């Protein structure tokens with residue numbers, strides 16, 4: 001029974017990916033992408049990784065989907081004839097070579113990967129046992145949070161740095177438009193709905209952050225939900241990012257700065273970089289996680305809100321509606 | 001065959017499919033999609049292989065969690081750069097083909 005479900009799930013995943021790549025219409029491709037993300041979340045559940053399922057559903061399917069729909073809507077009205085699946089061979093007859101070579105390379109990649117999976121080396125140490133052994137010293141009870149914020153906190157520190165760099169580049173790329181953007185609709189239904197939805201979303205985000213110390217959940221999933229709430233507010237026409245521009249900039253960097261400060265301040269006590277004193281490890285991890293949640297939410301939201309507003313009146317669906 | 005091995009194989013299939021798309025599709029948005037799905041395939045292989053015939057392993061899961069968040073920021077950045085490129089050139093591809101490039105650059109920059 002489970003085997004049949006797994007096989008169907010894997011095939012559906014591959015079909016969704018094919019749909020993303022080769023459906024005629026870009027909007028349909030994005031919808032397939034969101035379906036792909038939700039199926040992948042199910043796969044993570046099957047692989048015994050509920051943390052990844054949470055993150056995939058909130059970030060991979062939800063937030064990436066919003067970003068992609070936004071980008072496609074940006075294109076759609078202006079460039080309708082360009083949307084179909086584009087191959088090199090749409091115009092002239094293709095060279096035989098240019099058709100065979102991609103197939104050949106893809107098959108080679110697949111065979112090499114199969115070989116790598118089949119003849120994999122045995123692991124010299126058992127990581128799960130090591131993690132379980134040192135879990136009591138980490139200050140949290142959930143092994144994944146322990147790995148993320150204690151055993152391998154380097155990764156998380158550099159990750160928040162990567163996010164910060166991405167959002168700084170996004171801000172630098174933003175065209176210098178001073179006029180208020182046209183997409184700020186005051187849809188009453190969306191307005192009312194988001195006014196009721198956002199408070200529960202914030203509560204769920206904080207709960208997931210709190211739950212991360214003893215069960216699946218944590219800073220990334222909580223941050224993604226916070227970002228989703230902010231995206232909701234923006235779509236409903238609350239101009240939040242204009243209300244508090246300087247505050248937003250501080251918030252973006254807060255997670256990284258706090259993490260780095262904690263990481264270096266333990267060196268005063270003679271401990272190595274990024275290790276926590278065992279007695280306060282749990283509290284420190286929760287403090288860092290709370291700051292990270294806040295920053296990740298703001299960063300993911302900013303990556304959405306920094307997108308250049310549609311300039312020409314015909315360049316977005318919104319503009320089309322305004323003209324009528 | 002365990003579920004872990006099977007999903008690692010599906011991950012390999014996704015990577016190959018995405019690589020093929022990368023070669024044949026010229027539309028930049030499709031390439032961004034392909035990049036994203038290729039990343040998902042890598043994540044599946046990482047977790048699936050680490051857990052095959054062994055117990056649940058929190059280390060690759062934590063690494064993949066980091067990877068998912070970095071992937072979304074990379075995607076967002078790629079989409080922003082694409083939109084900027086589109087706003088400046090009105091083109092959705094990077095083809096070297098002279099006629100398509102010529103067409104797109106003749107249009108007025110949309111600023």
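Yeah, the Cβs are placed from backbone N, Cα and C, and that goes for glycine too.
TrEMBL lists A:6-22, A:29-47, A:53-75, A:96-119, A:156-173, A:193-213, A:219-240, A:247-268, A:280-304 with the feature transmembrane segment. Feature annotation from TrEMBL assigns domain 'MrpA C-terminal/MbhD' to A:12-76. The domain 'Na+/H+ antiporter MnhB subunit-related protein' feature in TrEMBL is assigned to A:193-285.
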Predicted model, mean pLDDT over the domain 'MrpA C-terminal/MbhD' (A:12-76): 90
Positions on the same chain near the transmembrane segment (A:247-268), where near means CB under 8 A and six or more residues out: 153, 156-157, 160-161, 164, 167, 241, 274-277, 284, 287-288, 291-296, 298-299, 302
Intrachain neighbours beyond the transmembrane segment (A:280-304), with Cβ under 8 angstroms and 6 or more residues off its ends: 59, 63, 66-67, 70, 137-140, 145, 149-150, 156, 160, 163-164, 166-167, 170-171, 205-206, 209, 212-213, 218-220, 222-227, 229-231, 234, 241, 248, 251-256, 258-259, 262
Interface check, the transmembrane segment (A:193-213) with the transmembrane segment (A:156-173), three or more C-beta pairs under 8 A: no
Recorded stretch that, among A:6-22, A:29-47, A:53-75, A:156-173, has the most CB pairs under 8 Å to the transmembrane segment (A:219-240): A:53-75
Intrachain neighbours beyond the transmembrane segment (A:6-22), with Cβ under 8 angstroms and 6 or more residues off its ends: 28-29, 32-33, 35-36, 39-40, 42-43, 46, 85
